[in-house]
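So the structure is just underneath, and the comments pick up after that.
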Amino acid sequence: MNNSDLLAITREFGDPVYVYDAEKIISQYRRLTSAFKPVKQLKINYAVKALSNLSILKLFNKLGAGLDTVSIQEVQLGLEAGVEPSKIIYTPNGVSLEEIEQVAKLGVQINIDNLSILEQFGSRHPKVPVCIRINPHVMAGGNTNISVGHIDSKFGISIHQIPHLMRIVENTGMNINGIHMHTGSDILDIEVFLYASEILFETAKNFKNLEFIDFGSGFKVPYKEGDIETNIEELGEKLSSRFNEFCKEYGKDLTLAFEPGKFLVSEAGKFLVKVNVIKQTTSTVFAQVDSGFNHLIRPMFYGSRHEIHNISHPDGRERFYSVVGYICETDTFASNRRISEIKEGDILAFDNAGAYCFSMASNYNSRFRPPEVLWYNGKAHLIRKREEFEDLTRGQLPVELELSEKVEKKSLKS
Ligand SMILES: *Cc1c(COP(=O)(O)O)cnc(C)c1O
């Protein structure tokens, strides 16, 4: 996927547009599976919420991956894409017992992360195998918004509540077949990850019928050259050997599971926008593009940094730009970035636009969500159309209000 491929995509499908490189997704998947080769049974469940287009789910299904889902709708998308229910794990937080029961009926692996639901579900369905999500209370990353392992997190059952958890399991006679943790995005440090894993192994010893241990995700990917990323190869080597050792202790070959989103799709994605206006103020040069946080919210929401390249004129003299959108609200993608000189009409490409970009897009300002294109074997495949005006009005039920004189006068006064 070089610049001229990307420019051709904007000519064919318009802008703004999301493009995903299937080969990059495939190579990330293979990188992960080969890092964990020493493990007898490995399962990679792709976290659907990162990028949930059916064609992406089908690609993962072809690769042999399962899915990690957080809502019944994500489960249904997975089934729609042809994924076997037995290859889907459902890891919700704060959803109703009713929804969990509906998902269990579909034959999907349930993962429960609070004692109240565990007790209710266990008493009603003691035969349905359940995985439990543990909070090992390990701080895993830099950004506190995405470190979900610490003490005040709403995620997981605290390791300090294991005695209570065990009483529920014994009283209900339920079948715990998996142990899970997901300590949040941005695990930098392999030692921290291994430390949290030890807590999981310790917890696992309480259960006799385990089939798998799920180490969640949170792998860090590079956002720019020279960025630190999780050393998957080193983690694979160290965790595989420790996992195999644990299986011996446990007396059974368990499955090692992961559920990455970002690692698998982030770098595969490019978001292409057009520069509508170059606006020079007294202190700043703004490049205003035909998008905003309605299409890509991460820089404003999490302070994420996405590299931005001028692919129309990549070799110009670099100048400083603030890249902003067209939303009537502050929507700064980048402040004072060095970018090759931009002319109005140029196409800019955002890197790392595969994970949590389209899936978090909205219709704010009544704009259409962009199309999605999958690049595979040197060809561009449209996998989602650009929205149209009907998409904005679908489901709306216009009501004609007859305003009486009285009402009108009253409201005029106030
Ligand atoms: C979001 C999520 C993931 C994926 O996290 P990444 O940082 O994208 O790899 C995995 N597991 C659970 C339970 C999640 O909620």
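Each Cβ is built from the backbone N, Cα and C atoms, and glycine gets one as well.
The annotation domain 'Orn/DAP/Arg decarboxylase 2 C-terminal' is assigned in TrEMBL to 18-354.
Under the heading domain 'Orn/DAP/Arg decarboxylase 2 N-terminal', TrEMBL lists 24-266.
In sequence order, Thr69, Val70, Glu74, Gly261, Tyr356, Ser359 constitute the residues six or more apart from Lys49 (N6-(pyridoxal phosphate)lysine) in its chain with CB-CB distances below 8 Å. Among the features that TrEMBL reports, N6-(pyridoxal phosphate)lysine is placed at Lys49.
In the three-state DSSP reading, Tyr356 (pyridoxal 5'-phosphate binding site) counts as coil. Within 10 Å of the C-beta of Tyr356 (pyridoxal 5'-phosphate binding site) we count 25 further C-beta atoms, all protein chains included. As annotated by TrEMBL, pyridoxal 5'-phosphate binding site applies to Gly218, Tyr356.
Annotated substrate binding site per TrEMBL: Arg298, Tyr302, Glu329, Tyr356, in sequence order.
Close to Cys328 (active site, proton donor) in the fold, though at least 6 residues off in sequence, lie Asn365, each with a CB less than 8 Å from its CB. In the three-state DSSP scheme, Cys328 (active site, proton donor) falls into the coil class. Here TrEMBL flags Cys328 as active site, proton donor.
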Candidate with sparsest Cβ neighbourhood (10 Å radius) among Gly218, Arg298, the listed binding-site residues: Arg298
Assigned conformation of Gly218 (pyridoxal 5'-phosphate binding site) - DSSP reduced to three states: coil
Rounded distance in angstrom between the Cα atoms of Arg298 (substrate binding site) and Gly218 (pyridoxal 5'-phosphate binding site): 16
Where the record names Arg298, Tyr302, Glu329, Tyr356 as binding substrate, the maximum Cα to Cα distance in Å: 21
Neighbourhood of Glu329 (substrate binding site), C-beta criterion under 8 angstroms, separation at least six: Gly292, Phe293
Recorded positions near ligand 1 among Arg298, Tyr302, Cys328, Glu329, Tyr356 (Cβ under 6 Å): none
